[in-house]
Every structure is written in structure tokens, then in C-alpha cells.
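Structure record follows, encoded as C-alpha cells.
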Amino acid sequence: MQVKESKNIKPTVFVIFGITGDLMQSKILPALFNLYRKKRLPEKFKIIGFSRRDFNDEDLREYIQNLMIYKGFSYPEFWKKFLNNFFYVKGNFDQVEGYKILFEKVNETKKEWNCELNKLIYLAVPPEHYRSIIDNLLASQLSKNNHDWTRIVLEKPFGRDLRHAIELDRLLGTLFKEEQIYRVDHFLGKETVRNILIFRFSNLFLAPSWNNKYIEKIEIKLSEKEQVIGRSDYYDAVGALRDVGQNHLLQLLALFTMSHPMDFSPQSIWEKRSAIFSSLKIYRPDEVEKYTVRGQYIGYRNERGIAENSKTETYFKIKAFIDNSRWVGVPMYLESGKALDESKLEVIVSFKHQEPCLCPPGDQHYSNVLSYQIQPKEQITTSFLVKKPGFDNILHQKKFQFDYKQAFGEEEFIEAYEKLLLDMVMGDQTLFVTTDEILNQWRFVEPILKSWQENKPQLFYYKPHEKVHEVVIADNKRTIQKEVGIIGLGKMGANLAKQLLEKRWRVIGFNRSIEKTEMLKPFGIEVAHSLQELIKKLPKPRIIFLMLPAGKTIDEIIFGKTGLLEFLEKGDIIVESGNSYYKDTILRATKCQNKGVKFIDVGISGGPSGARSGASLMIGGKREDFMQLLPLFVEVSIPGGAKFFDGNGAGHFVKMVHNGIEYGMMQAIAEGFTILKESKYRLDLRRVAEVYNRGSVIESRLIDWLKEALLVYGNDLKKISGVVSHSGEAEWTVITAKEMNIKTRIIEEALNFRINSFKNSSFTGKLVSAMRGMFGGHFVYETKKFKD
């Protein structure tokens with residue numbers, strides 16, 4: 001193995017509080033020795049231990065050597081020189097005298113080496129000692145920075161709850177800046193955990209399907225066969241959720257769900273991890289009862305140091321939700337326990353079943369599953385589907401497996417603390433936890449712990465080393481029956497129906513001209529000849545999409561004598577998806593809601609092609625109604641393309657402004673391409689559009705559509721009308737802006753251009769029409785008689 005030395009690191013003193021404790025024995029000492037052996041520590045370094053034991057330097061070295069013998073350290077030829085770097089200061093954590101001796105020892109080292117030196121202060125002690133140590137670091141000036149650096153290292157738990165976490169953060173802030181503080185969650189240093197971001201973001205084939213459009217659920221499971229032995233006092237005070245859930249499992253959740261960082265810098269990764277924690281749904285007490293369970297293994301209370309009436313959980317399972325556009329609606333399961341049937345840490349990503357389904361009739365319906373195992377094995381397994389050889393289409397589920405150690409057998413794997421200690425010395429905080437992350441983790445966990453303290457849900461008991469079965473959590477897939485009515489089967493409505501039919505939805509369609517409905521019969525749509533018939537065909541609660549143009553038609557369909565409200569019942573849902581004026585939408589929603597009928601307004605962008613294969617949805621109304629229909633919105637939107645905005649009319653308001661912006665953008669593009677056409681260079685406009693859409697700052701779907709239009713219609717656009725039709729959204733945007741005393745010169749002038757184009761046709765108008773023809777399917781040829 002190639003050894004990379006660290007000769008450029010300044011001389012460093014490691015000050016370890018609790019040098020005779022468990023953490024030093026099990027984690028820190030092996031890591032320090034391995035770094036020393038591999039020449040990854042500074043050429044000049046000292047390890048000064050601080051503890052209450054009556055030791056001197058030689059006593060500490062003998063103690064460390066005995067530990068190395070007991071733990072079976074290899075490479076004895078390195079031992080003596082390694083041990084010579086250990087020194088000792090006796091002292092109590094709450095008495096400043098020992099710190100003053102420690103300060104003098106550090107100063108002596110500085111004089112001995114005749115240089116500035118770095119200080120790494122490691123608090124390998126229980127959290128209750130943090131305040132005393134930090135106060136005395138201040139009093140002894142040990143924390144002071146000169147031309148060198150001083151860093152402080154803390155281990156989880158970072159507080160007992162949100163209040164204690166905030167207090168700890170303030171305490172650290174009295175002495176140290178954020179860049180000096182290294183909060184250790186050792187899971188982040190594990191080789192396979194460090195590989196997660198590389199695996200996700202360096203393998204492009206994963207990216208398109210890593211969202212709620214394709215993923216059914218994510219499960220993070222940490223199971224341990226061991227019972228609580230040797231740390232019962234600590235464990236009984238914290239429980240399983242504080243011990244591993246609030247930190248380790250949530251960090252894994254963030255790594256598997258965070259969005260792409262711009263780079264692998266600490267700031268980029270912290271920002272994306274923290275965004276996940278701040279998006280976690282915070283549960284009310286009734287939701288804690290529905291979506292969490294907790295258990296305790298039989299015999300736990302017989303362990304030494306455990307209270308005989310202890311209600312501490314040794315097992316938990318939580319169904320969590322991330323309320324952002326990428327993950328909304330996908331259950332995230334966090335599960336861990338002691339005394340279980342096996343020891344394993346893995347993350348399981350279950351993908352949805354393919355729709356439309358290609359499985360033979362009566363065959364098993366398979367789906368892909370990715371298993372990312374971190375321990376005891378380090379491997380990635382994914383299931384995939386293949387055809388069994390033979391005449392028939394018989395599907396079989398097979399597995400690909402990547403074994404980390406088998407693939408890199410000749411490489412030496414490093415332990416987590418080895419990597420973390422090196423990063424502390426090098427000043428790389430990527431694998432450490434920030435204040436924002438910790439506080440948001442506690443905000444998620446604390447309401448759960450409070451309900452558990454009230455025995456809600458009740459603690460259940462399980463036999464040690466057997467599979468836990470009593471883990472029933474309310475099934476909150478937020479599912480609805482896959483049946484919907486669509487009223488209005490023009491280009492948009494028909495394409496929406498086709499998309500849903502392909503995804504195994506039952507679609508009942510109604511259109512005033514029955515011919516359009518009949519044309520969709522071959523695709524599987526069921527025809528309704530009246531609104532009453534459509535409603536009778538749908539199960540309760542009925543879901544009805546209105547794919548109608550804005551205006552009186554919508555009011556007639558909803559409020560007419562034989563309109564929807566005459567037949568709908570309490571709990572039924574109207575989804576109004578026309579480009580309606582948001583003020584009209586508010587009135588309609590209020591009328592419907594007063595009669596117990598739910599009302600959602602949706603602005604759809606993407607044109608007929610979006611309705612066919614996935615659109616951008618701007619959704620308004622009440623959040624609980626949106627969540628009820630979330631599976632439907634996920635089905636018909638592009639990944640991450642369904643966004644909710646609270647309030648009746650909010651979706652249509654956002655879409656209205658969207659269309660106003662669209663007018664301005666299209667006008668600017670058309671004016672620019674008119675200049676290009678009239679220039680002396682005889683430019684090929686399609687090639688200009690192509691280069692504009694290859695990484696330039698004006699790259700956009702509109703320019704791509706213009707490129708396609710020039711290809712279809714020709715560069716001169718001879719057959720395309722220079723008269724540009726317009727609907728009401730841009731006009732409403734201008735009116736609304738004036739009501740708000742906001743100037744919208746560009747949008748207003750773009751609107752006026754379209755109005756004036758009925759009198760003054762131009763090549764600029766042809767360009768705008770050509771774009772409309774491409775993305776909206778509008779008729780834009782010269783023969784069309786436009787109406788203002």
C-alpha cells in the first residue's frame with residue numbers, strides 16, 4: 001500500500017481529557033497508533049493525557065502499553081517510539097489547578113520545539129463534564145489562539161434534548177468559533193458511509209429515479225444482538241432513540257436523501273444535509289402514537305444498574321416523512337434495537353412497481369430493491385428483473401452484488417476514528433456535524449420523546465434474540481383509490497387521461513362533445529354521458545379533475561342546475577386545473593367548501609406534452625387536501641414538480657404570474673431572433689438557437705422549442721401567422737401588479753404586443769407564435785382566423 005506522509009503539518013499537541021476512559025481504549029488509541037505507523041501524524045507531536053488517576057508520564061506509558069498488549073496491537077517495532085510521545089497531567093475536571101499545570105506543559109513544549117504549535121483538545125468524557133472543562137480552559141488560557149490553531153472535539157450525545165443542545169452550543173460559542181469545533185458522529189467516518197455520496201452522485205443512472213416519483217420507501221435499520229451490558233447507567237438514562245436514532249440513523253437518512261451538493265466541500269455538504277433535517281415532518285402527539293412504536297426486551301430490567309420499573313426503550317421504529325418536493329409522501333423508516341435476532345446495519349431503498357405494468361397476467365408483480373449494507377458486511381445489492389429463457393415471458397428476480405472488501409482486497413481499510421482524527425488534524429470538517437444539523441435533529445426527535453414519556457404509544461416487550469414482530473405502525477402511505485373523473489377532454493385533458501390510464505388508474509371521462517370521449521375508448525377510458533353518471537361511477541371520496549378553459553364554463557359545470565354540487569357529497573374533491581383568475585378561484589373554493597366539498601386549484605405548466613408525460617404543478621388550497629391527493633399529483637408531475645402553496649387560489653396565482661413571466665421571456669427571445677434575422681450575416685437561426693441552448697446563460701426550454709419550431713416550420717416561418725393569440729393570465733398579472741403598486745413594464749409591453757399584433761403582423765410575432773405552436777400545440781398557421 002502506498003503511504004502518504006504528512007510532513008507539512010505543523011507540530012501538534014493532542015490534549016485528551018479522559019485518557020484512561022473507554023473511548024480512548026476502544027477508538028482513539030488504535031486510531032492514533034495506526035496514523036503514527038502510516039506516518040500520517042505530524043513529524044512532531046505530543047499526546048498529553050488529563051485524568052484523575054495518580055499517574056506520571058511513565059505510568060501512563062506503561063498503562064497504554066498494557067492496553068496495546070491486551071488488545072493485540074500489531075507492529076511492535078513501532079511501539080516504543082509511539083509511547084515516547086505520551087505525557088500526563090493529573091487533575092480534576094472541575095478544578096483549575098490541573099489546567100494551569102497543563103497550560104505550562106504545553107508552553108514548555110512550545111519552548112522545547114521553538115515554534116508555534118497546534119492544539120487539539122479532545123473531550124473523551126461524558127457530557128456532564130463539558131461545562132467544567134470549558135470554563136477551566138478559559139481560566140487557564142488553554143483555548144487561546146495565537147499564530148497556531150486550537151480545535152476542540154466532542155462526542156455525541158450533543159445535549160439531552162433541544163434545550164440542552166442550545167445551551168451546549170452557547171457554551172462552546174463563548175470560547176470557540178464554529179470552524180474550531182469538531183462534533184463527532186463516528187458513523188460518518190465509516191468507509192461505506194463515506195462512500196454513500198460517491199455512490200449516489202457519481203453514478204448518473206441513479207439520479208433520475210432518486211425521488212418520490214419512483215421510490216416507494218426507504219428503510220434504515222440498525223439491529224444489535226448484544227444486550228445492554230457494561231453501559232447500563234448511561235443507556236437507561238438515554239434509551240435507543242437518543243443513543244442511535246437522533247444522530248446515526250438521521251445522518252444516514254440525510255446522506256441517502258440530500259440533493260446534489262455543488263462540490264464535496266464541507267459547506268456544500270452541510271447545507272444539503274441540514275436542508276433534509278429542517279424538512280422532517282414534526283409530529284403532533286396523536287401522530288407519534290400512529291407512526292412510532294417502542295419496545296423493551298424481556299430481562300432488560302434485570303441488568304445491573306437498571307431501574308426495576310424502567311420504561312426506557314431498547315427498540316424503536318419510526319415512520320418519518322420529509323416534506324420537500326423530492327420526497328414528500330415517501331415513508332422513511334428508522335428502526336433500531338438491542339437484543340435482536342442479528343447484528344446488521346443497512347439501508348433498503350424499495351422502488352415502486354413499474355407502470356404501465358409489463359408483467360404477464362397472473363404473474364407476480366416485482367419491483368427493484370437496493371440494499372446498502374454497512375455492517376457486518378460492506379456490500380451493495382440490487383434486485384433486477386430478467387426474462388426466463390424459453391417461449392413465454394416469465395419474469396425472474398435476480399441480484400447484482402458488490403462486495404466492498406472483495407473488490408478492494410489488496411487495499412487496507414481504515415477505521416472510522418482513524419479517518420476522523422486525521423481530518424481533525426488537517427482541518428477538514430466534512431465528516432463532522434454542525435450546530436444547525438443537531439438542533440434540527442432534536443426538533444424532530446423531541447416531540448416523540450415527550451409522548452413516549454407519557455407512555456404513548458405503550459411500551460411493548462419482546463424476547464431477546466428473536467425477530468421483533470410487534471412493530472405495526474399506522475399505514476400512512478397517504479394512498480387513495482386509483483380512480484378519477486376528468487371533465488374536459490381537449491388536448492390537455494386527453495393527455496392527462498392517457499397518462500393516468502397507462503399508470504393503471506381507472507378514468508371516467510366526460511366531455512360536452514361526446515366524440516372526444518369516444519376517441520379515448522381504445523386507451524381504456526370509461527365514458528360518462530352526464531355529470532350525474534360520472535359521479536355515480538366514482539367511489540367515495542370522489543376525485544374530479546376539471547380540465548376546462550377559464551371562465552363561465554367552469555362555473556356552469558360546478559354550480560349549474562345540473563352541475564357537480566348538485567350531486568357531490570361531503571368529502572368529495574374538485575381539482576380545478578384551468579388557467580383561472582385566482583380571485584375567481586377563491587370564490588369557487590369558498591362556495592364548495594361551505595357545502596363540504598373539498599377544492600384544490602392547480603396550475604399546470606408543460607403544455608400537452610407535460611400532461612402526457614409529467615408536468616409542473618402549482619397547487620393551492622388546504623394542505624390536508626393536498627396531502628390526500630399527493631399520490632395523484634406525484635403520478636402526473638415530473639420528479640419534484642408538484643409544489644403546494646397554502647391558501648385557496650394560491651396555485652392559480654403562482655401560475656398566473658408564471659404566464660406573465662412567460663410572455664416577457666418569449667417576447668425577449670422573439671425580439672432578439674428578429675435582430676439576428678435582419679443582420680448582414682445571413683445567420684441560420686436554428687443553429688443560433690442550438691448554441692444558445694448549450695450551456696449559455698439564456699439556455700431554456702423556450703429556446704429549445706424555438707429551435708424545434710425553426711426546424712419544423714423553416715427559418716423564414718412563411719406559413720406561420722404574425723398574429724399572436726393571448727389568454728387572460730398576463731392581463732390578470734398586470735392588473736394584480738397595479739393593485740399592488742408594482743410596475744411590470746416588460747410583461748405589460750409583451751401583452752400589448754400581442755394585442756397590437758392583430759393589426760400589425762411581424763416576424764417577431766411569427767417567432768412568438770412558432771414557440772406557442774411547439775409547447776402548447778396551438779394552431780399558428782396564417783390560415784387561422786384569430787379572435788381577440
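Cβ coordinates come from backbone N, Cα and C, glycine included.
Please treat TrEMBL annotations as automatic predictions, because they have not gone through curation.
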Recorded substrate site member, picked from ASP169, ASP233, ASP243, ASP323, that accompanies HIS186, LYS190, GLU224, LYS338 in TrEMBL: ASP243
Lowest local Cβ density among GLU224, ASP243, which the record lists as binding-site residues, within 10 Å: GLU224
Nonlocal residues around ARG52 (NADP(+) binding site), in sequence order (Cβ under 8 Å, 6 or more apart): LYS90, GLY91, ASN92, PHE93
Reported mean pLDDT - the domain '6-phosphogluconate dehydrogenase C-terminal' (651-778): 95
Conformational class of ARG52 (NADP(+) binding site) under the three-state DSSP mapping: coil
Composition by DSSP (helix, strand, coil) of residues within the domain '6-phosphogluconate dehydrogenase C-terminal' (651-778): 86 helix, 1 strand, 41 coil
Cβ-based isolation winner (fewest other Cβ atoms within 10 Å) among the recorded positions HIS186, HIS248: HIS186
Fewest-neighbour residue among binding-site residues, criterion Cβ within 10 Å, set LYS156, LYS190, LYS338: LYS156
Residues HIS186, LYS190, GLU224, ASP243, LYS338 binding substrate per the record - widest CA separation, whole Å: 21
Rounded inter-Cα distance in Å - HIS248 (active site, proton acceptor), LYS190 (substrate binding site): 11
